[in-house]
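Novice: Dumping the structure here so I can ask a few things about it.
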Amino acid sequence: MEGKPMRRCTNIRPGETGMDVTSRCTLGDPNKLPEGVPQPARMPYISDKHPRQTLEVINLLRKHRELCDVVLVVGAKKIYAHRVILSACSPYFRAMFTGELAESRQTEVVIRDIDERAMELLIDFAYTSQITVEEGNVQTLLPAACLLQLAEIQEACCEFLKRQLDPSNCLGIRAFADTHSCRELLRIADKFTQHNFQEVMESEEFMLLPANQLIDIISSDELNVRSEEQVFNAVMAWVKYSIQERRPQLPQVLQHVRLPLLSPKFLVGTVGSDPLIKSDEECRDLVDEAKNYLLLPQERPLMQGPRTRPRKPIRCGEVLFAVGGWCSGDAISSVERYDPQTNEWRMVASMSKRRCGVGVSVLDDLLYAVGGHDGSSYLNSVERYDPKTNQWSSDVAPTSTCRTSVGVAVLGGFLYAVGGQDGVSCLNIVERYDPKENKWTRVASMSTRRLGVAVAVLGGFLYAVGGSDGTSPLNTVERYNPQENRWHTIAPMGTRRKHLGCAVYQDMIYAVGGRDDTTELSSAERYNPRTNQWSPVVAMTSRRSGVGLAVVNGQLMAVGGFDGTTYLKTIEVFDPDANTWRLYGGMNYRRLGGGVGVIKMTHCESHIW
């Protein structure tokens, strides 16, 4: 009775029961009885299984062609279905079956301009809520999802294509996104193209661009080039790729090359002497304009325009990645990144495996995740993350043995995996990865077995700090000399620590948090290699075992961990001048035993994903 006042019975007749009153008083709150009437016991119940089980049964009915009331004819394929299911999932079908269209009365409906297999996949999704987007179907699946107005599948296809972006295909993906009005994918493809222009200009796709799209690209202020010479060379290569067709378009395209920003030597010696430039009056005029700009600095304020505006400098900054770990009683695969320029934590692509006790480091601007524990098994697999594509790859060779609570660092172009445990014993084994050979090789073992060890690289040496020998936490420290392939014992820490955080900051090694024999630690200390001594540093505000430690844009940051009671997502930053730690926001996920890594990224890169 929407919109009408509620009426309640207050006159209870002699001998009436609560049910009598309820049936007589048909208006009012049906769940509330009048005063004086005993309230019956109630237990609201919502089934989590019901939607899934109902969908499973309806899908079985479809497969057995039971209660189907429509047949979709797509090419040579006939697909049996239920109008109500199609209408519930697709605005396209809802309009078709509930309006006055002829199809609303037909039992067979012909669907044109759609791929048979794509339609099958989308109908399967309507009945199962599951679909697999892959390289072989995305180009037919996205147009089909657009036609049927399945926004969720459109987003999934675009997300898949975002992860496939590469300098060799970004222009094709951009055109595909433009055709199907995928604005977010178009934006990201544009950003990717601008940032990777030096590689994109070498691709076949670049050479096949129509003139208007080439102009769109080279007109961008955010084009990432070392100098305007690269833009000019790219344009001339594009023209000469199909010279008869494109020669007349050269003046139009050259207008968007910022010739006044070229060096005088290049402008005169290369641009001005090029036969294609010399033979065209409009091109010669553009060269003369640039010469005047360079030769008459006093007149430059009067000559400002799009061609004299410098490309925006590409700002570089460091971005912190938090990888895997243990959260809410289970290993996790999630990864997030912190950008100091925006002061924001954002989720990025997850690893293919859950990893706690994972070793993380950065080599050649790629983030490596080594070993760990997935909640049931010890791992020797390795994954590699490319921030340019927001994609993890698993084609990295595995370590020779399973390792969790492993220390990982980069020295001399190699990735080192130090210690850890394999599920049977604590390890002193050390091996290093050569990315050129995709191969791990054993090097000298440590003198002590160490799990929960922290590692750092300083002065050409690899340091293994603390950890546990499988029985007790350690305060001992070893240093590896790659020239000698030997480990040497150095001064011990003041405190025994396992599962600590370690990083190099201001030419000293900082060791923070961890756990001793009895409790999680908030204390910190640092090592001076010049004196071979450890000295105490002010304690963090929280106890943190399984903490990550990293230096980001000159700031020492302690990330996550466990305080003895709670998994932490908070961050602390060390202020060396004030000799204090201060809280600095928090991650999206609580993380114990996760890894951290820092990658220097351009401003453009850091805002793509």
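We number each residue from 1, going along the chain as drawn.
Every residue, even glycine, has its Cβ placed from backbone N, Cα and C.
What Swiss-Prot records for 68-135 is domain 'BTB'. Per Swiss-Prot, domain 'BACK' is recorded for 170-272. What Swiss-Prot records for 319-365 is repeat 'Kelch 1'. The repeat 'Kelch 2' annotation in Swiss-Prot covers 367-413. Here Swiss-Prot flags 414-460 as repeat 'Kelch 3'. Positions annotated as repeat 'Kelch 4' by Swiss-Prot: 462-507. If you look up Swiss-Prot, you'll see 509-554 marked as repeat 'Kelch 5'. According to Swiss-Prot, the feature repeat 'Kelch 6' maps to 556-601.
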Novice: Residue counts in helix (H, G, I), strand (E, B) and coil for the repeat 'Kelch 3' (414-460), per DSSP?
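Specialist: Counting residues per DSSP class in the repeat 'Kelch 3' (414-460), I get 0 helix, 23 strand, 24 coil.
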Novice: Over the repeat 'Kelch 4' (462-507), what is the model's average pLDDT?
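Specialist: Value for the repeat 'Kelch 4' (462-507), mean pLDDT as a whole number: 97.
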Novice: How many helix, strand and coil residues does the domain 'BTB' (68-135) contain under DSSP?
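Specialist: Final tally across the stretch: 32 helix, 13 strand, 23 coil.
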